[in-house]
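The block underneath contains the structure these notes are about, expressed in structure tokens.
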Amino acid sequence: MPDYLLPQGAGYGVVVGIGLFFSGFMIILTAIQARYTGFSPKNSEEFNSASRSIKPGLIASGIVSAWTWAATLLQSSAVAYKFGISGPWWYGAGATVQILLFAMLAAKLKLNAPYAHTWLEIVGARWGRVAHGVFMFFGLATNIIVSSMLVLGGSATVTDLTGMHTVAACFLIPLGVAIYVVVGGMRSTLLCDYTHTAVLFAIILTFIFTVYATSDKIGSPTRMHELLTAASAVAPVEGNAHGSYITMRSKNGLIFGVINIIGNFATVFQDQAYWQRAIASRPATTVKAYLLGGLAWFAIPFTFATTLGLAAVALRGDPDMKILTPADVSAGLPASAAAAALLGKSGATALLILLFLAVTSACSAELIAVSSILTFDVYKEYINPRATEEQILRVGHAGVALYAVICGVAGTIFYYIGISMGWLYTFMGVLLGSAVVPIALAITWRKANKWGCIGGAIAGLCLGIVAWLVTAAARHDGVLTVETTGGDYEMLAGNLAAIGVGGIVATVVSYIWPEDFDWEATRSINKPAPVSKHTEAEKVQEDSDSDKKGEEIVSTKAASIADSFDANEEANELDPVALSKAFRFASWSSIGLFVILILLVPLPLFFSQHVYTVPGFTGWVAVGITWTFCSAFAVVLYPLWESRSAMAQIAKGVFKDLFQRGSGRYVAPTTTPKAEA
């Protein structure tokens, strides 16, 4: 029986114990929110979209949390272990640009469908049920693959460190998260995201300073440079300049970068979790939130992998360092091995907690995302179009619980057929990439052709799979296994064919047979009917009467932008001129950052074949550390500042409940219609 650094009880303690702790913590926060603010999770609009009122700092924190998968920590460190410093850059930059470019889609969403619950509602309203069904396949396939990677990566590391059974971890991780998502909905998910993100940055900074400042084994960038140089002399990296780990000239690193960019376009543009955050945000600050979140997230894989991924290389031969097999690297285990070698049981425990928080926060985003699709795109669209508020909420709760079980089942299936997180990560673009351009065109371009986009998505899927398998067969004498189909060139061929064919077919057909779509059809999705002052006053009285039954006072505008907004604020934030300006700003900003991160920085370094000296490598590390601190300020401290008024309101209510007579419960302000002269 293999020796594990931590006892099996530690694995169950983290997965079950901390999971239940955070569930209880979020349930308490949800109860406080329901009593001391105007937002109640008993309202389906609040449950699914947080009343569309979230400010940019919390949305940015939610984006960072949702985009921090198990792969963000594990796969980024694995590519650093394989390719050197180019791996963290290509992982970070190759998965940041999609969030930045998504800011454009978020702006268009607020302009063209401000009351939609899901991106599939927009597709259905524009092109009907055939398109709705086709793209729902891609949307749900995206959620299943992302969720499977989360539980596979998380369970593999828990098993490696503690010996906890992988299948138990696969089921217990999502089930614990489902508790607080069912109770609190979207706002609870975002609050959970924030707390996880804060702890995540604290632990990452601990590892950074351990490796580059205090560790006896490494302790400085200079010593890290020495150890990496020695490692490349013993085992040169194939395809790297001079076989070095400290160069951006890495052929396999560049191939991974292309695969990473394509695959992550699919998992952002087609994942309801990211649309959900755009829907939950205030229209005026949606673009700001996505640009801030994307730039803040870059620091996590880049700096974390530059720290623990390279440390795993530097510590080869150290008596405390585990010997890693190719299967271990594919499973994403270099980070945990390095953490254990550097800090022993405390390092292993810290990484276990870090990984658990990353997995559960991203899992919560997937649960609420799939629940929204099942509620609005399956139940309300095909089963019960006249569903009541209570029925919608009940289906939303059931959807969360159902998908938690599906996550466990999917992770278990992939585990038993031998597919790892790393294999699935590079494969996702083959299966999903073909729908990226068609979906973007459907949301942003009135001339996009329905059948061109549907045909492009399907043709790209088929040809992507063909290119992937043909390349694998040609390179391995017709032998197709998990190992032979998981190579860099095989995945590159499938990824390029999928996104290329899908994009070309959709664009060319749309230019030849353009449509002239009127966006008013999508702007009317779920649009609330005007409410007269008299009706509003009557409804407020009804809500006050129902309060004796324990119900919360909520807004009557079922799909309004926010219960806390008045009509003038709502009109201002949905001003088409302002939203069009926001779209142009998002376009220029995101494209500019794409050029910098993908072209101007890495490619000259790649073609120069430069190998970093000690000062150059020290500067490289310093940039990562500085970026990490800036990110922590942006998504940990800034949300506290922008929510200061809400926290003061809650504190006032709690104080009144505890120390003064009367109730501190929030009561919605009412306006009495003026008597006519």
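Placement of Cβ uses the backbone N, Cα and C atoms for every residue, glycine included.
Annotated transmembrane segment per TrEMBL: 12-36 (among others), in sequence order.
What TrEMBL records for 57-77 (among others) is transmembrane segment. Proximity of distant same-chain residues to the transmembrane segment (57-77), defined by a Cβ-Cβ separation under 8 Å and at least 6 residues beyond the stretch ends, is recorded for 87-88, 91-92, 95, 99, 146, 149-150, 152-154, 156-157, 189-190, 192-194, 196-197, 200, 268, 273-274, 277, 280-281, 285-286, 289-290, 292-294, 296-297, 300-302, 304-305, 308-309, 312, 331-336, 338, 354-355, 358-359, 361-362, 365, 421-422, 425, 631, 634-636, 638-639, 641-643.
Residues or ranges marked as transmembrane segment by TrEMBL: 130-152 (among others). Beyond the ends of the transmembrane segment (130-152), by six or more residues, the same chain brings 69-71, 119-120, 123-124, 169-170, 173-174, 266-267, 270-273, 359, 362-363, 366, 369-370, 373, 377-378, 381, 403, 406-408, 410-411, 414-415, 419-421, 424-425, 428, 431-432, 434-435, 438-439, 442, 450, 453-454, 457-458 to within a C-beta distance below 8 angstroms of the stretch.
What TrEMBL lists as transmembrane segment is 164-183 (among others).
Taken from TrEMBL, the feature transmembrane segment applies to 195-214 (among others). Within the chain carrying the transmembrane segment (195-214), a Cβ under 8 angstroms from the stretch's Cβ atoms is held by residues 22, 25, 61, 64-65, 68, 220-221, 224, 300, 303-304, 307-308, 311, 339, 342-343, 347, 350-351, 353-354, 357-358, 360-361, 621, 624-625, 628-629, 631-632, 635-636, all 6 or more beyond its ends.
Taken from TrEMBL, the feature transmembrane segment covers 290-315 (among others). Packing against the transmembrane segment (290-315) from elsewhere in the chain are residues 56-57, 59-64, 67-68, 72-73, 76-81, 84-85, 87-89, 91-93, 95-97, 99-100, 102-103, 106, 200, 204, 207-208, 211-212, 217-218, 224, 227-228, 231, 245, 278, 321, 324, 334-335, 337-339, 341-342, 586, 589-590, 593, 597, 620-621, 624-625, 627-628, 630-631, 634-635: each is 6 or more residues past its ends and has a CB under 8 Å from a CB in it.
The annotation transmembrane segment is assigned in TrEMBL to 350-374 (among others).
The feature transmembrane segment is assigned by TrEMBL to 395-417 (among others).
A Cβ distance under 8 Å defines the sequence-distant neighbours of the transmembrane segment (423-444), meaning residues of its chain 6+ beyond its ends; these are 71, 75, 104-105, 108-109, 112, 119, 122-123, 126-127, 131, 135, 138, 141-142, 145-146, 148-149, 152, 256, 259, 262-267, 269-270, 330, 414, 452-454, 456-461, 464-465, 468, 482, 486, 488, 491, 494-495, 498-499, 501-503, 506-507, 510. Residues annotated as transmembrane segment in TrEMBL: 423-444 (among others).
According to TrEMBL, the transmembrane segment annotation covers 451-471 (among others).
Under the heading transmembrane segment, TrEMBL lists 491-513 (among others).
According to TrEMBL, the region 'Disordered' annotation covers 528-551.
Residues annotated as compositional bias 'Basic and acidic residues' in TrEMBL: 533-551.
For 585-607 (among others), the entry in TrEMBL reads transmembrane segment.
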So what's near the transmembrane segment (585-607) in sequence-distant terms, Cβ-Cβ under 8 Å and 6+ beyond its ends?
86, 89-90, 93-94, 96-97, 100-101, 103-104, 106-107, 247-250, 254, 257, 261, 287, 290-291, 294-295, 298
